[in-house]
């Protein structure tokens with residue numbers, strides 16, 4: 001029998017009006033209930049979610065429950081078998097037990113069709129993880145016909161066994177606790193289960209413990225579930241749902257929504273969705289989001305505390321788990337991904353304001369983010385393997401290191417080159433070999449002045465990323481990775497729906513003279529033909545006469561022809577970046593000029609023809625005008641990446657909301673917050689983007705509270721001494737404490753006093769004006785041997 005901890009709906013009958021119980025560490029922002037307009041919008045939202053297929057059928061729900069029961073039976077039999085083999089008494093064999101718990105979206109009740117089930121097996125102390133679970137139990141699963149795609153991940157932050165059982169994806173963790181016999185009614189929320197266990201076991205147990213605490217700390221679980229289901233779908237549509245890539249995962253979104261439910265205990269989902277974007281657009285990161293006080297315990301496990309733990313000070317978007325030991329669930333967030341999420345929150349806030357004015361429908365909020373139209377420059381990471389099984393393991397490893405590439409680029413460019421990793425993978429079905437591709441958008445960070453043409457070097461950055469990836473413990477022949485720079489017009493066709501790229505108005509006339517196959521996969525000779533055509537067209541059209549010609553007085557080298565057996569995928573206009581045998585990896589992009597330096601011993605005939613054609617094109621001039629063409633150059637053994645100031649088009653317009661004009665459809669009275677909060681001033685020029693106030697008498701209280709949200713986000717005064725409970729949501733954890741001092745928001749003990757600054761402004765970490773303070777640190781903490789190449793920058797970012 002599966003543990004009684006499984007998801008129940010006993011709390012779904014909670015009344016709309018919140019009880020007298022207090023939720024969260026602060027008073028709510030508003031206790032008002034929904035208006036008639038809110039109820040109407042809520043019905044429309046729920047209908048939209050059903051029409052989008054976010055709910056599974058009753059048959060599939062029953063099938064999932066049967067699978068969980070079956071897995072519970074399997075682990076019980078496994079533990080009894082181990083107990084007998086180790087010579088325990090018959091009574092011990094009879095009492096031997098293991099219990100299956102669920103967590104994640106399934107436990108919270110927000111899973112959709114085809115979603116996986118996160119499960120935890122809790123076993124006795126004599127059954128270990130390393131041998132008994134990942135070897136003996138794995139062999140049992142491998143012999144079962146119902147089990148497919150079995151993949152143990154032993155080196156993960158939380159070790160997991162991944163497989164499909166009767167077609168349903170299962171993520172199974174294991175935790176061995178200090179009990180000889182596991183009771184069937186084990187209370188996993190009791191801290192005693194954490195006695196005498198290692199940190200990996202604590203992390204495994206905390207998935208279930210956190211899920212239980214979340215459901216206990218929200219005023220209305222059904223409203224929480226609907227809102228969370230909605231916002232998870234929104235995050236996937238907007239490309240910001242992925243913990244491994246540096247965005248937010250399921251537990252992160254659940255904690256953000258739960259905190260919002262505490263702010264508005266009587267709000268219904270349509271209100272909560274709108275207020276989600278309103279609140280988190282104004283939130284002053286890195287002030288933490290917490291559902292309850294951070295408690296310490298005699299077990300002495302480390303808890304999130306930036307005063308004591310040096311590494312906690314570098315967390316950019318702390319979202320703290322409510323179960324002991326409290327941790328930051330969003331430590332993967334980087335400066336670049338925080339910028340992307342902030343822009344998407346602003347997009348959602350703008351759309352929700354228009355929905356409240358009946359100018360937009362809910363479908364507008366869930367528009368697919370057009371990632372491949374947002375930037376001019378991308379990095380393409382191609383992952384190859386010999387067979388499907390190898391690709392599954394290799395792809396997971398490369399994806400887990402993809403976040404490190406973002407951090408390294410931020411580090412080596414001093415935060416001036418921002419990255420936007422795309423969580424999804426793409427496959428070219430026309431290829432015979434096993435592969436997939438990941439992409440990353442590149443954009444110059446806002447707020448950096450200086451030279452009109454500033455250069456950075458990411459050649460060594462890519463090389464360092466390659467070296468780390470190749471340290472994979474389970475590497476096998478055929479596993480390879482290639483990194484390429486591609487411009488928007490050179491993107492391969494397989495990244496677009498049905499292989500079709502939407503038509504787009506070109507910025508320059510020279511871009512209008514393209515061959516139809518410019519975005520697809522082509523040979524080196526095709527690149528030469530397109531190069532010659534673009535060059536001739538540019539000379540005729542004279543599209544950019546004001547631009548200074550670029551010198552190309554460098555010796556030529558060859559680029560090895562791509563094949564599944566050697567170097568991998570070569571896309572038209574896509575030079576290889578350092579993922580080739582030989583010396584250091586090279587990556588060069590100079591405006592429209594894409595260059596790559598390689599030195600290969602075996603020169604293909606086709607490559608020789610390519611060189612000769614390029615040489616002929618250069619004979620008439622030592623200077624030449626380039627437009628999106630590729631050249632193979634050697635530039636003083638250094639490589640360049642240069643692009644223009646308008647590298648990317650804005651994802652969403654930065655709008656600072658006029659809080660005095662925000663629409664709040666509340667029908668009741670608001671309770672006053674019992675402590676003083678500093679107000680904010682908003683630029684009048686920004687008010688044109690927001691709706692006008694409709695009902696001043698009913699809405700003014702909530703508007704004032706939201707205007708003072710900074711007190712909750714960052715303004716609770718700490719008296720300078722440490723108690724047993726860290727019960728404030730406002731301690732200082734910025735990666736750059738200097739910026740906080742300049743804003744005069746710090747006491748001598750390093751804590752925020754007055755919350756938000758006088759004006760809503762970009763976080764210094766987003767604008768890039770703050771120090772990085774070792775922002776590229778990973779869990780393994782890179783040492784001082786890391787290279788900093790920004791002293792001799794080679795990436796040019798020029799104003800157009």
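Backbone N, Cα and C define each Cβ position, glycine as well.
The ATP binding site annotation in Swiss-Prot covers 103, 104, 105, 115, 116, 117, 118, 171, 232, 241, 250, 251 and is backed by similarity to another entry. Counting every protein chain shown, 22 other Cβ atoms lie within 10 Å of the Cβ of residue 250 (ATP binding site).
Residue 118 (ATP binding site) carries a strand DSSP state (E or B). If you take the C-beta of residue 118 (ATP binding site) and look for same-chain residues 6 or more apart in sequence within under 8 angstroms, you find 102, 103, 104, 105, 106, 107, 171, 173, 207. The Mg(2+) 1 binding site annotation in Swiss-Prot covers 116, 118.
Feature annotation from Swiss-Prot assigns Mg(2+) 2 binding site to 116, 118, 171; the stated evidence is similarity to another entry.
What Swiss-Prot lists as compositional bias 'Basic and acidic residues' is 527-538.
Per Swiss-Prot, the feature compositional bias 'Polar residues' maps to 564-575.
The region 'Disordered' annotation in Swiss-Prot covers 497-576.
Feature annotation from Swiss-Prot assigns motif 'Nuclear localization signal 1' to 487-494; the stated evidence is sequence analysis.
The annotation site 'Interaction with RNA' is assigned in Swiss-Prot to 162 (among others) on the grounds of similarity to another entry. Residue density at residue 162 (site 'Interaction with RNA'): 17 other Cβ atoms are found within 10 A of its Cβ, drawing on all protein chains shown. Secondary structure from DSSP puts residue 162 (site 'Interaction with RNA') in a beta strand.
Residue 332 (site 'Interaction with RNA') falls outside any helix or strand according to DSSP and counts as coil. All protein chains included, residue 332 (site 'Interaction with RNA') registers 25 other Cβ atoms within 10 Å of its own Cβ. What Swiss-Prot records for 332 (among others) is site 'Interaction with RNA', and it gives similarity to another entry as the kind of evidence.
In the three-state DSSP scheme, residue 403 (site 'Interaction with RNA') falls into the helix class. The feature site 'Interaction with RNA' is assigned by Swiss-Prot to 403 (among others).
Among the features that Swiss-Prot reports, site 'Interaction with RNA' is placed at 408 (among others), with the record citing similarity to another entry. Residue 408 (site 'Interaction with RNA') falls within a helical segment according to DSSP.
Residues or ranges marked as site 'Interaction with RNA' in Swiss-Prot (evidence: similarity to another entry): 616 (among others).
Residue 103 (ATP binding site) falls within a strand segment according to DSSP.
In this structure, the C-alpha atom of residue 116 (ATP binding site) lies 10 angstrom from that of residue 162 (site 'Interaction with RNA'). All chains included, 18 other C-beta atoms sit within 10 angstroms of the C-beta of residue 171 (Mg(2+) 2 binding site).
For the Mg(2+) 2 site, the Cβ centre of 116, 118, 171 serves as reference, and the other residues of the chain with Cβ at most 8 Å from it are 104, 106, 117, 119, 160, 162, 169, 170, 172. Closest in space to residue 332 (site 'Interaction with RNA'), of the recorded positions given as 162, 232, 250, 403, 408, is 403, taking the CA atom of each residue. Taking the Cα of residue 403 (site 'Interaction with RNA') as the reference point, the closest of the recorded positions 162, 232, 250 is 250. The Cα atom of residue 162 (site 'Interaction with RNA') lies nearest to that of 250, taking the recorded positions 232, 250, 408 as the candidates.
The Cβ of residue 232 (ATP binding site) lies under 8 Å from the Cβ of 105, 110, 241, 250, 253, each of these being in the same chain and 6 or more residues away along the sequence. Each of the recorded positions 116, 403 was ranked by the number of other C-beta atoms within 10 Å, and first place falls to 403.
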